[in-house]
Structure formats: C-alpha cells, structure tokens
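*Asks:* I am attaching a structure below and will ask some questions about it afterwards.
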Amino acid sequence: KSLSTVVTRGADMDQQLSRPTWSRQIEFTLAGIGCAVGLGNIWRFPYLCYRSGGGAFLVPYLFMLLVLGIPLLHMELTVGQYTRRGPVHALANVCPLLKGVGMASVAISFILCTYYNVVITWALYYLFSSFQAQLPWQSCNNTWNTPNCSDHATNSSYSSTASQEFFKNKMLQQTNGVEESGGMRWELFLILILAWILIYLCIFKGVNSTGKVVYFTALFPYVILIALLINNVQLPGALDGITFFIVPEWDKLLSMEVWVNAAAQIFNSIGIGFGSLLAMSSYNSFNNNILKDTLTISIINSLTSILAGFVIFSALGYMSYLQGIPVRDLAVDGPGLVYVVYPQAFANMPVSQLWSVMFFFMLLCLGLDSEFALVEVMVTSLMDGFSQPLITLFKRKELFVLAVCGVAFLLGIPCVMQVGIYVFQLMDHYTAIVSIMFLAFFEVIAICVNRLSDNLEVMTGKRANIFFRLCWLIVDPVLVTVILIFSIIQFKPARYEGYVFPPWAQGVGWVIALASIIWIPLGAIHTLWVLPGSFTQLQLPRVGKTSHSDKPLTPLCFAQP
C-alpha cells in the first residue's frame with residue numbers, strides 16, 4: 001500500500017512538472033474573456049432586461065456582479081491555479097467529501113457542450129443563408145411560408161412574420177411537439193459536423209492551439225458589435241429602444257424574481273460552476289496575479305452584456321417604429337431574439353446582407369470560444385485522471401480529443417432532427433437552470449470554507465483582502481442558499497412558447513439534471529466508504545505537491561490552518 005502511494009505521488013508530481021502552460025498570460029485572459037462572453041450576452045441578458053423593467057435590471061445585475069460574480073470567479077481561478085488540476089482533482093484536493101462537485105462540473109459542461117454547439121449550427125445556417133441577393137426571411141414569397149405570413153409583425157396572434165416562418169418552417173422544420181420526432185434535418189446535420197470540425201481545430205493541440213485562436217475569436221466580436229451599434233443608433237426609433245433599456249421601472253426591484261434572474265445571469269454568463277475557467281486557470285504559471293485576471297474577465301464580460309444591450313435595444317426601437325407599437329409590446333423570447341426579431345430588423349436595413357453576415361459571424365465567434373472551453377473541461381479532467389491509459393489507448397492526445405468531440409457530436413444529433421428545438425429547450429431548462437444552481441451551492445460550500453487566503457499568499461505573496469474573505473465566508477454562501485431555495489419554490493416546468501412539455505418529457509428532463517447532480521452524493525459516499533476511521537476521525541492527506549503543505553484535510557473540508 002505504501003509503495004502504491006509513493007508511485008502515485010511520483011506520477012502526480014511528474015504530471016505537474018510536464019503540465020503545459022499558456023505561452024503568454026494574455027492568452028489565458030483572452031481565453032477567459034472568450035469563455036465568459038458568449039451567446040448569452042447577446043440574447044439572454046437583453047431578454048432579461050426586457051422582461052425585468054429595462055434599466056431596473058441593471059441594479060441587481062451589477063450588485064450580483066460585485067458580491068457574487070467577482071468573488072466566486074476569483075475563488076475558482078485561485079483553486080485551479082493552485083492545484084494545477086481540472087475540476088475533478090482540484091475539488092478532490094480541496095474538499096474530499098464534496099469531490100463529486102468537480103465530477104458534476106465536468107458532467108454539466110459535457111451535457112451543455114452537446115447542445116450548445118447546435119446554437120452555433122443555427123448561426124452557421126443563417127450565415128450561409130445571408131449570402132443571397134435577397135435575405136430569405138425578407139418576404140413571404142417562399143415555399144415554406146404559410147397564408148398567415150406577414151412581412152411586418154402585428155399584434156395579431158393569427159399571423160406570423162417572415163423571419164418566424166424562416167426559423168420554424170425552413171431551418172428547423174419543427175414538429176408540433178416532442179411526441180413527434182419527425183425526420184433528420186440533413187442540412188443542419190452537415191453543418192453540425194462542420195461546427196465540430198471547427199471546435200476540434202481550435203483545441204486539438206491544447207492550450208497551444210487555443211491560445212492562438214482566442215486572439216481572433218475573443219476580440220473580433222467587439223469590432224462587429226461597435227459597427228452594429230454605430231449603424232443602429234442612426235435608425236429611426238432607436239432612441240426609444242435605448243431609453244427603455246436605460247430608464248428603470250423601479251417597482252420591478254420589489255420582485256424577488258428579478259434579483260434571482262440577475263444572479264442566474266451572472267452564474268451562466270461568467271460560467272460559475274461549469275468548471276471551464278477553473279480548468280483553464282490550471283494551465284497558468286503558479287505565481288500569476290489572479291486578481292487582475294478575475295477583474296478583467298468579469299468586468300469585460302458585464303460591459304459586453306451592456307454594449308450588446310445598446311445594440312439589441314436600438315434595433316428593437318427601430319422595430320417598434322416600423323410596426324407602430326411600443327417597445328414593451330414586441331414579442332421577444334430567448335433565442336428568438338437573435339434568430340427571429342433581429343433578422344427581421346436586418347431585413348429592413350440598408351445593405352441588409354452585410355449586417356446579417358457580420359452579426360451571424362459574430363455569433364459564430366462568440367459561440368466557438370465558449371464551446372471549446374466546455375469541451376476542454378472534459379479533456380482536461382480525463383487527462384488529469386487517466387493520462388497514461390488514454391495515451392496508451394489513443395497513442396496521441398489529438399486522437400483522444402477527436403474521440404471526445406465525436407461522442408459529443410453523436411449526443412447532439414437529436415437536436416438537429418425536426419423535433420430538435422424541443423430537445424434543445426428541455427436540455428437547456430434542466431441543465432442551465434436546474435442543475436447549475438445546485439452545483440453552485442455545493443461548490444461554494446466546498447471551497448469557501450477552505451484556506452483560500454493561505455493559498456493566495458503562497459502563490460502571490462498577498463492574502464485576500466477583507467472584502468473577498470467576507471464574501472467567501474458569509475455573503476456568498478447565504479446568497480447562493482437563498483437563490484437556490486427561491487429557485488426551487490418558483491420552479492416552473494419546461495415549456496417552449498405556448499407548448500408545455502408532457503409529464504414523461506419532464507421526467508426525461510429530471511434525468512438529464514440528475515446526470516450531473518447525482519455525482520455530488522456519490523462522491524461523498526465514496527469518500528466516507530474508502531477512508532479508514534470513524535466519521536469524526538477521518539483524515540485525508542493531500543496527494544502530491546499540489547497543496548504546498550503537509551497538513552491533512554478532513555473530508556468535511558474544515559481544514560485547520
């Protein structure tokens with residue numbers, strides 16, 4: 001047994017010494033920005049603003065950024081850089097009893113990456129469709145249009161716009177419900193293959209290839225966003241949309257749901273709990289200044305959301321001007337904001353093809369760097385735990401990365417069938433809403449009670465200031481607990497527009513949620529089962545040199561300084 005332990009520790013140290021690092025620290029910062037800034041900044045943030053009283057949403061959003069987003073991102077980056085491991089082994093080192101939290105992070109990231117790439121597939125479909133003399137959603141004179149099609153949106157529930165019909169009848173060719181599977185959408189199937197090829201080319205060399213790609217994918221979207229903003233603010237009605245965005249309806253702040261939505265947006269946007277930024281920070285140099293990266297990533301992420309808000313709401317103001325209805329009465333719903341409402345705005349702009357190509361290329365860039373960060377979580381975690389067997393089996397790491405992408409592609413195929421939009425909504429509801437709150441709660445419990453300040457001092461020579469210590473020990477655990485309880489009380493079954501999923505589909509959704517959450521109790525049971533001694537006596541020595549300390553950790557995570 002002792003010889004086995006020595007061999008394990010030796011292998012662990014060898015792996016640490018050979019672990020690659022970012023060529024330049026700016027590459028990690030850009031990769032972190034690319035991971036955090038994604039499609040959610042373009043559609044989810046403006047949609048939540050729209051639904052939550054415009055500027056009133058900015059108050060809880062900025063508050064949650066300050067007390068939740070920045071401290072918890074700082075926490076994740078500290079753990080990743082200190083342990084130099086992916087989520088599974090990092091959390092096992094920090095808190096053995098809750099090592100399942102790391103496994104749950106990997107599971108939720110992998111589930112998310114299987115259907116998130118479908119959104120990139122849609123963006124590519126719209127991008128290719130934009131290279132036409134007339135945008136295909138510009139008129140109702142197409143084979144997929146119905147007699148109820150209208151070139152301009154109205155308040156009537158009996159008519160649909162050309163852009164709605166292009167999305168539903170042409171691209172998705174969606175069925176009437178999840179009960180009808182329909183056939184394969186072969187165009188989307190082939191584009192999904194293309195999307196996974198792009199992802200593979202971005203990550204197959206690890207941080208060496210990712211570090212080069214992010215120079216473009218993280219920075220170029222800002223060029224397009226600014227160009228779109230300059231164009232949109234000159235459109236008639238744009239000022240009405242921007243006014244709706246920045247002028248608060250203060251009574252909305254009395255709604256607890258608005259505050260919970262703000263916290264959820266911070267979690268989903270920055271990526272707290274998904275493990276992707278933790279995995280990326282494990283490739284940092286050990287003495288890197290984490291606080292600088294934390295502030296850069298979190299603040300740029302939020303500023304991007306606000307910039308996107310100006311872009312989207314100026315377009316919504318233009319739409320309200322064309323239709324003669326107030327901004328608040330426009331039909332806006334999640335992904336439909338990007339794939340229905342905004343394309344409809346393009347159709348009425350001068351040089352519509354140019355703006356359409358730029359917008360969907362921007363979505364492609366935003367989606368790519370978020371997607372390869374999610375895939376990197378699985379690759380990093382499996383390589384951390386099984387590097388020798390995997391290299392023996394696949395011969396080269398590049399082939400192993402190809403296998404991971406291949407499995408994720410196969411699992412995403414149901415989303416490109418005619419029933420795909422229902423599968424997508426079901427997976428998104430139970431992964432991005434249900435699972436992530438449970439995961440964030442246990443991650444905060446696992447890490448916040450540990451010696452983060454000591455770890456920071458070892459790496460940077462400075463302990464965390466009083467603000468971060470207060471947030472880690474008191475504010476964040478309390479806030480996350482309140483949000484989790486409220487999320488459970490206010491939980492609503494998955495729906496898509498007016499369609500409510502049947503009970504059996506909701507059951508499938510809970511199975512998807514449990515596929516990630518179940519690892520938390522399983523990890524705790526395994527820890528308690530394998531360690532000798534009574535429950536109060538259990539001690540687990542840290543493995544290898546990751547801790548820079550010979551002090552033991554108890555499975556309950558309350559390590560003595």
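Glycine residues also receive a Cβ, built from the backbone N, Cα and C atoms like all the rest.
For reference, TrEMBL lists these features for the protein:
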TRANSMEM  26-43  transmembrane segment
BINDING   GLY34, ALA36, VAL37, ASN41, SER269, ASN301, LEU366, ASP369, SER370  Na(+) binding site
TRANSMEM  55-75  transmembrane segment
TRANSMEM  106-128  transmembrane segment
DISULFID  CYS140-CYS149  disulfide bond
TRANSMEM  188-206  transmembrane segment
TRANSMEM  213-230  transmembrane segment
TRANSMEM  258-283  transmembrane segment
TRANSMEM  295-319  transmembrane segment
TRANSMEM  354-379  transmembrane segment
TRANSMEM  399-424  transmembrane segment
TRANSMEM  430-449  transmembrane segment
TRANSMEM  470-489  transmembrane segment
TRANSMEM  509-531  transmembrane segment
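Would you situate these features in the structure and describe their surroundings?
*Replies:* Neighbour count (other Cβ atoms within 10 Å of the Cβ, all protein chains): 28 for VAL37 (Na(+) binding site).
Within the chain, the transmembrane segment (55-75) has long-range Cβ neighbours (under 8 A, six or more residues past its boundaries) at 45, 48-49, 245-250, 252-253, 258-259, 261-263, 265-267, 270, 272, 277, 290-291, 294-295, 297-298, 302, 305-306, 440, 444, 447-448, 452, 464, 467-468, 471-472, 475-476, 479-480.
Here the Cβ of CYS140 (disulfide bond) has 18 other Cβ atoms within 10 Å, regardless of which shown protein chain they belong to.
Same-chain residues lying 6 or more positions outside the transmembrane segment (258-283) and placing a CB less than 8 Å from one of its CB atoms are 19-22, 28, 31-32, 35-38, 40-41, 44-45, 48, 51-53, 56-57, 60-61, 63-65, 68-69, 72-73, 76-77, 79-81, 83-87, 90, 102, 105-106, 108-109, 112, 207, 252, 290, 293, 297-298, 301-302, 305, 373-374, 376-377, 380-381, 432-433, 436-437, 439-440, 443, 479, 483, 486-487, 490.
If you look at the transmembrane segment (354-379), the same-chain residues 6 or more away from its ends with a CB under 8 A from one of its CBs are 31, 34-39, 41-42, 86-87, 105-106, 109-110, 112-113, 116-117, 119-120, 123-124, 126-127, 130-131, 135, 198-199, 202-203, 206, 210, 213-214, 216-218, 220-221, 224-225, 227-228, 231, 271, 274-277, 279-280, 338, 342-343, 346, 400-401, 404-405, 408.
With a threshold of 8 Å between CB atoms, the same-chain residues lying at least 6 positions outside the transmembrane segment (430-449) that come near it are 72, 75-76, 79, 91, 94-95, 97-98, 101, 104-105, 108, 111-112, 115, 264, 267-268, 272-274, 472-473, 476-477, 480-481, 483-484, 487, 491, 494, 509-510, 512-513, 516-517, 520, 557-558.
Sequence-distant contacts of the transmembrane segment (509-531) (same chain, six or more residues past either end, CB-CB distance under 8 Å): 96-104, 107-108, 111, 426-427, 429-431, 434-435, 438-439, 442, 494, 501, 538-540, 555.
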*Asks:* In angstrom units, rounded to an integer, how far apart are the Cα atoms of VAL37 (Na(+) binding site) and CYS140 (disulfide bond)?
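*Replies:* Rounded to the nearest whole number, the Cα-Cα distance is 35 Å.
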*Asks:* So, do the transmembrane segment (188-206) and the transmembrane segment (295-319) meet, by the test of 3 or more Cβ pairs under 8 Å (sequence gap 6 or more)?
*Replies:* no
*Asks:* For the transmembrane segment (399-424), give me same-chain residues lying six or more residues beyond its boundaries with a C-beta closer than 8 angstroms to one of its C-beta atoms, as numbers and ranges.
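*Replies:* Long-range Cβ neighbours of the transmembrane segment (399-424): 110, 113-115, 117-118, 121, 172-175, 177-178, 180-185, 188-189, 192-193, 196, 199-200, 203-204, 375, 378-379, 382-383, 390-391, 393, 496, 499, 501, 505.
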*Asks:* Hey, how far is SER370 (Na(+) binding site) from CYS149 (disulfide bond), Cα to Cα, in Å?
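*Replies:* With distance taken Cα to Cα, CYS149 (disulfide bond) is 35 Å from SER370 (Na(+) binding site).
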*Asks:* For the transmembrane segment (26-43), could you work out the same-chain residues 6 or more beyond its ends whose Cβ comes under 8 Å from its Cβ atoms?
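*Replies:* Long-range Cβ neighbours of the transmembrane segment (26-43): 119, 207, 210-212, 214-215, 217-219, 221, 265, 268-271, 276-277, 280-281, 283-284, 288, 293, 296-298, 300-301, 304-305, 308, 312, 334-335, 337-338, 362-363, 366-367, 369-370, 373.
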*Asks:* Which residues, given as numbers and ranges, are at least 6 beyond the ends of the transmembrane segment (295-319) yet have a Cβ under 8 Å from it?
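*Replies:* That would be 29, 32-33, 36-37, 41-43, 45-46, 49-50, 58, 61-62, 65, 69-70, 73, 153, 222, 225-226, 228-229, 232-233, 235-245, 265, 269-270, 277, 327, 330, 332, 337, 341-342, 344-345, 348.
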*Asks:* Using the centroid of the Cβ atoms of GLY34, ALA36, VAL37, ASN41, SER269, ASN301, LEU366, ASP369, SER370 as reference, list every other same-chain residue with Cβ within 8 Å of it (recorded Na(+) site), in sequence order.
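*Replies:* Sorted by sequence, the hits are ILE33, CYS35, GLY38, GLY40, THR304.
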*Asks:* Which of these binding-site residues is closest to CYS140 (disulfide bond) if you go by CA atoms: GLY34, SER269, LEU366?
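*Replies:* Comparing Cα positions, the candidate nearest CYS140 (disulfide bond) turns out to be LEU366.
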